[in-house]
Amino acid sequence: MHDTQTNFAFQKKITFVILVLFVIKLIAWYYTNSVAILTDALEYTINVISGLIGLYSLYLSSLPKDKNHPYGHGKIEFLSASIEGTLMIVSSFVILYEALNNLKHPHTLQKLDYGIYLVGLTGIINYLVGYLSVKIGKKSNSLALVATGKHMQSDTYATLGVIVGLLLMYVTHIQWIDSLIAFIFAFIIIFSGYKILRASIAGIMDEADEELLEKMVHFCQTHRRENWIDLHHLRFIKYGGTLHLDCHLTIPWYFNIHEGHREVDELEKIVKNNFGNSVELMVHTDGCLDFSCKICDKKECPMRKHKFETAIEWTIENISRNTKHRME
């Protein structure tokens, strides 16, 4: 809950900054009449809309669970990011249209030096805020903040191109450079929007996060206890900034409820040490079977039926299966 409240507070600050920068970009366009600056400002209207959507999504994801949303409201962040990615792509086509129109009907440019100063200022602020947004978003597992931050950073690259183009036009007085800049950075924004859209759809569809699973499996293997004979049926679901982990843990069949609960607590502890309090762990304990003896290296087991032969190292493949581990 603390992470979601922090995310919401930071998104409010981002939204305010976005509104201020948008006004500055409009002022720069008014002074210069540059289509490159206009397209930069038009694209930034998407930031304004996305900032408001992101703010609302983080507000919803910060709400406590209820009977209709037992896993919380975190999925809204994926929807927010998908809208932002889509808007980025749409805005790119608007930029392409304006660039083509400028080639056919060139605008008279003026006061480029003012435009360079103002656009440069927005670029610096934009990148710094975007960097902080991505950093905080990754730390708190917030796709909405990461999407907003990456969007702002991609805007900065576009702004940098606009500045370079304005400098070239200021020196050479070649008008078509204005449209060329718009073309180049429209395609960059399309690519960034696609990546955000792809990540959000993966979250909505509960697509397996291979990197996250790899990290989880390695961490459990490294901190494995002798009473953890195997771990299987591992599943991840991500709701906003919260990871929900479900798995089956095989322990000695003769353990009582208290002993089994102790092993579950230990597993939960090491997972939280790595992923923080944004993880919810649901563990089902299974008792071992006779074939488990061959892969169990527990010392002084009073119920051993077979001699220990070899331990099976946990991998994404075998830890995700629905059955207990056994010798082939």
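Quick reminder: no glycine exception, Cβ is built from N, Cα and C everywhere.
Quick caveat, the model's predicted, so the values are computed rather than measured.
Annotated domain 'Cation efflux protein transmembrane' per TrEMBL: 15-204, in sequence order.
The domain 'Cation efflux protein cytoplasmic' annotation in TrEMBL covers 209-286.
If you look up TrEMBL, you'll see 14-32 (among others) marked as transmembrane segment.
Taken from TrEMBL, the feature transmembrane segment applies to 44-64 (among others).
What TrEMBL lists as transmembrane segment is 76-96 (among others).
Annotation comment: TrEMBL describes 116-134 (among others) as transmembrane segment. With a threshold of 8 Å between CB atoms, the same-chain residues lying at least 6 positions outside the transmembrane segment (116-134) that come near it are 10, 14, 17, 21, 24-25, 27-28, 31, 37, 40, 145-146, 148-153, 155-156, 159-160, 162-163, 166-167, 170.
As annotated by TrEMBL, transmembrane segment applies to 155-174 (among others). With a cut-off of 8 Å between Cβ atoms, the residues of this chain six or more beyond the transmembrane segment (155-174) that come close are 32, 34, 36-37, 40, 43-44, 47, 109, 112-113, 115-116, 119-120, 122-123, 126-127, 130, 180-181, 184-185, 188-189.
The transmembrane segment annotation in TrEMBL covers 180-197 (among others).
The DSSP breakdown of the domain 'Cation efflux protein cytoplasmic' (209-286), given as helix, strand and coil counts, is 35 helix, 28 strand, 15 coil. Across the domain 'Cation efflux protein cytoplasmic' (209-286), the model assigns an average pLDDT of 83.
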